[in-house]
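According to TrEMBL, the feature transmembrane segment maps to 61-79, 85-103, 124-141, 153-176, 188-211, 262-285, 315-333, 353-372, 378-406. If you look up TrEMBL, you'll see 72-420 marked as domain 'Cation/H+ exchanger transmembrane'.
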Amino acid sequence: MGEKMAEEEFPNTTHEGFNVTLHTTLVVTTKLVLPTPAKPILPVQTGEQAQQEEQSSGMTIFFSLLVLAICIILVHLLIQYRLHFLPESVAVVSLGILMGAVIKIIEFKKLANWKEEEMFRPNMFFLLLLPPIIFESGYSLHKGNFFQNIGSITLFAVFGTAISAFVVGGGIYFLGQADVISKLNMTDSFAFGSLISAVDPVATIAIFNALHVDPVLNMLVFGESILNDAVSIVLTNTAEGLTRKNMSDVSGWQTFLQALGYFLKMFFGSAALGTLTGLISALVLKHIDLRKTPSLEFGMMIIFAYLPYGLAEGISLSGIMAILFSGIVMSHYTHHNLSPVTQILMQQTLRTVAFLCETCVFAFLGLSIFSFPHKFEISFVIWCIVLVLFGRAVNIFPLSYLLNFFRDHKITPKMMFIMWF
């Protein structure tokens, strides 16, 4: 009946052609009305597999705490016997290397297998260990020295890191073309140069605090190590972006503008996010009176301390910069809205947690020598060290002499030499 009515409406359509059309229409209609499939749910481990994973995680936690306990005893011995010539970070790294060698011998003798427990996962570093270190450094930062030297810090962090990255990246590329070291293409060379030119804030904080260096020198190097995080990310992403297909028709000027825009977004976006979080925490703890319940007050401070890092990383900004500026703002405003008990508790807790995280990083740095399979190429390592030192020298000495024309507190040759390394 339906076919006859349709044939009357479409007299020029054959019976066979109409069936095909009707079939196609039904298929399309059926596809349209089918419900959208739900997103796949990640598999949940149950039973024996979940129990094995729980046991493995328990052993990992036990191993990490055991390493920390041994490192704390080592640091105590260094303080007790006044071995000031040996920095705590160097001693902890050396202890990690020694423990890694012992574990390797045990595994070789097939007495035990701790390979899973001694592995250092990148997510553990970036999400668990790094935030407390950076926040504590911002919270206890001498804000006068930091903002008095903000011009010099920015010059070293932006232009100095860019100079060093181009020197190292260009040197790696041309040495590879000359068959002196392993060949890397232009993109990989400059990406490597950008990553290795950044100063490590964890090592800077640990070593300079242990040696009690000049406050201005400490602020210059530490400030540079924090701010050049954004510069390194921008330079690396720019180098990688040049290989994309849609970048083949983009001119060099457009590439520069894109990199500049990305850097400004990374730099000012991260700083603004951290500052805004710190101001919100000050307002919340000012208008919500939690002073009578220090545990709730302290819990709110811990939440606001970690909040900007997670949000910044989630929206592709610099978590390090966000949590640094959040720490600076919270120490200046939020700290004075806290009860005396929470003020002392916050400072002591941050110092303790930051110390434990730093110790864990350096210990696992030593352990990693034996944890991962390494392919050593002596020529590549030696030339990298030479290029990094040369790039750092081209960065530090000219910019320091230039800045001394505008600075009241001059950067002395001794300070330049320390900054070089």
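Placement of Cβ uses the backbone N, Cα and C atoms for every residue, glycine included.
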Contact between the transmembrane segment (353-372) and the transmembrane segment (153-176) is defined here as three or more C-beta pairs under 8 Å separated by at least 6 residues; is that satisfied?
no
When only pairs 6 or more apart in sequence are counted, do the transmembrane segment (262-285) and the transmembrane segment (124-141) reach 3 or more Cβ pairs under 8 Å?
no
Mind pulling out the one from 61-79, 315-333, 353-372, 378-406 with the most Cβ pairs under 8 angstroms to the transmembrane segment (85-103)?
353-372
Best-packed against the transmembrane segment (353-372), counting Cβ pairs under 8 Å over 61-79, 124-141, 378-406, is stretch 124-141
